[in-house]
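The next block holds one structure in the form of structure tokens; read it before the comments.
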């Protein structure tokens, strides 16, 4: 079990989202009175790793929490992650987000005073933490990378969906990339081929007699192979939708989606291919 705590504004939400992506069962702001029972239940009945976020909203119980966690560590494998940042950085983040600090008394207290009050309140947890991260100079992506390094994990696999479609039926609203293959030779104008689709051999054989379809599929796949790593490495994307469109979504886009997918599966074996409009014509 991982206890995620630290200063408000230091990145607990980013940490929890990262942990969820890594397969953790995450609980935010669990009342401390329920912590013992929660730990016992998960230790006995669940193999999934769990992360519990605790912050200053539990102020009345924080003073006794460090002793409780020390006791629990003797019987359960618990690690404590403490997120910190400089006071001026936290104040700026609250100003930019326009969110109230959980300990701020609006009648008499300034944000700096609330931050220092929280820092003092959480001092005992800071002292017993197994992992300390200062996020003063971090972007969200930096915190995510640092957390994965500390936990000795890698980024989750990018889930890629290749979708063929017909422009006359509309571009998929969830597409991250859109490729237009209406410039390719069109088997629709061959009456004997019209009833087939791009997964069937008559269409495959007809399109492969031209250089352009195979060349476009190969070059598009190589382009994607090069740039997709940036979506996991820098942008931390969990999924990506690639749409390939022709006029009706039955022939050319289906063939290209299957061809590109066959190449990309060498690096992304879980890639999913779907043909949205293959039955609409």
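Glycine too: its Cβ is placed from the backbone N, Cα and C atoms.
These come from Swiss-Prot:
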type    : residues                   : note
BINDING : 6, 7, 8, 9, 10, 11, 12, 13 : ATP binding site
BINDING : 55, 56, 57, 58             : GTP binding site
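Known features from Swiss-Prot, placed on the structure.
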residue	record	Cβ within 10 Å
6	ATP binding site	29
7	ATP binding site	25
8	ATP binding site	24
9	ATP binding site	24
10	ATP binding site	25
11	ATP binding site	27
12	ATP binding site	22
13	ATP binding site	13
56	GTP binding site	19
57	GTP binding site	12
Cβ neighbour count within 10 Å of residue 55 (GTP binding site):
23
Reported as an integer number of Å, what is the Cα distance between residue 6 (ATP binding site) and residue 55 (GTP binding site)?
7
I need the CA-to-CA distance for residue 12 (ATP binding site) versus residue 55 (GTP binding site), whole Å please.
9
Given the recorded ATP site (6, 7, 8, 9, 10, 11, 12, 13), which additional residues of the same chain have their Cβ within 8 Å of the Cβ centre, ordered by sequence?
55, 83, 85, 90, 135
Which binding-site residues from the set 55, 56, 57 come within 10 angstroms of residue 7 (ATP binding site), judged by C-alpha positions?
55, 56
